[in-house]
Amino acid sequence: MPVTKKTAADGKRQEVIVLDSKRSNAINIGLTVLPPPRTIKTAILNFDEYALNKEGIEKILTMIPTEEEKQKIQEAQLANPDVPLGSAEQFLLTLSSISELSARLQLWAFKMDYEATEKEVAEPLQDLKEGMEQLEKNKTLRYILSTLLSIGNFLNSTNAKGFELMYLEKVPEVKDTVHKQSLLHHACSVVVENFPQSTDLYSEIGAITRSAKVDFDQLQENLCQMERRCKASWDHLKVIAKHEMKPQLKQKMSDFLKDCAERIIILKIVHRRIINRFHSFLLFLGHPAYSVREVSVHRFSKILSEFALEYRTTRDRVLQQKQKRADHRERNKTRGKMIIDVNAPCGRHGSSSSNSAPSGSQESEQPQGLGHTEDAAEHEHMKAVLRTSLSSSDKESSVVPGLRTRIRSRPGRGGGGGGGRSLQPRTPVLEDTQICGDDAADEIMERIVRSATQGPGTRAQPRERRRSRANRKSLRRTLKNGLTPEEALALGLADSPDSQM
């Protein structure tokens, strides 16, 4: 390596640079996230976890100087005793002064990694164990599998005793030719109808869902790697013990490695037993014995988890459709019936319709929602407005100027002849009469609009089916031309001729 002298950053002194620029920059960048070099040396010798964390140890492992770098730095220092070394060279020289640096760092890294690595192996094994127990005790899964088997036997005209679980992937894809509904939809409908105590399945197999995210082949490799690293750590501890090492620290590391070795052995036994239990569980499900060992745990868990998620979505949709049909049937029960207030007293409507039509036709003539007190009062007020309009039309022959109207002369009210019709000539109408008619029309229109736009929440019971509007007359024409005596008598706005005589 060529030895060069470069001016330091402050421009006042020179530094001896031995490393190439790429290596020097990498070390200088790594020093920015590490404690001072003198602190690093003490921390490595004492395995001080407070001074260096896991990331710092991994960073130092990439900076370990080679023998060639160590020799060149020492030669450059001897050749230029008055010129200081660069920061990267000084750091590598400090690391090279630590005996068995690589062994110390690897032992320390294993110690700090062990808890997380063991958790990554133990938790998936626990999830797989719980998942098999959940599937074995789950009744909803039995209902679904038996329903699918029955449907398959019916469609294929066979009497099969079972089917492979891999077929669950195809269940959402098979559809009927009429309604284009999937086989899963039909099976879910049958399960919901015949087994109302069934659940959505997905919420009850959470352990299987977690197991579907784990590669158990990689888990087995991690377990073997833990064993290899533990054995290598024993060798590192023996090498470090030959040099200066505190007895207390040596005993602490030795106890840690013994505990790790015992836990790794137990983990290997647990792994073997759970995998054997998984194979037995496949036999319990009816899987052929010759291909049990070929089934992947990850593949099995993924199929069941995805099927359970599809089933939950389909089940929610089926329940919504079932609830809609029930609501529709409930609405049909009251369709076409009269809307009345069942809690109202019997004499409630009698007072409001004392001058109306006979009691036989009173109910049919009542407007919708008259069972309420407010609606009854509204009805009475509109009848009064109509009476006022009728009386004003009797006094004045026309409402709009220039229009011909036909009126009937009433007996006993002076000179007209017994019920004959007469055309009244065009005459101007007084302003008071026109204003009175306009106010009455505006008030009636306002109340009709208010009752028509009344919100559905104010009605306590469903609305009755509307009657035909074919025989109804225009309100505006009625207000302009007035009511005939027969119409006024039918509406209860005038007294009958018999009662007058």
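Yeah, the Cβs are placed from backbone N, Cα and C, and that goes for glycine too.
Taken verbatim from TrEMBL:
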type	residues	note
COMPBIAS	322-336	compositional bias 'Basic residues'
COMPBIAS	351-364	compositional bias 'Low complexity'
COMPBIAS	372-383	compositional bias 'Basic and acidic residues'
COMPBIAS	412-421	compositional bias 'Gly residues'
COMPBIAS	464-479	compositional bias 'Basic residues'
DOMAIN	1-337	domain 'FH2'
DOMAIN	438-470	domain 'DAD'
REGION	318-430	region 'Disordered'
REGION	449-501	region 'Disordered'
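Secondary structure of the compositional bias 'Basic and acidic residues' (372-383) per DSSP, as helix, strand and coil residue counts: 11 helix, 0 strand, 1 coil. When pLDDT is averaged over the domain 'DAD' (438-470), the result is 65. Taken through DSSP, the compositional bias 'Basic residues' (322-336) splits into 12 helix, 0 strand, 3 coil.
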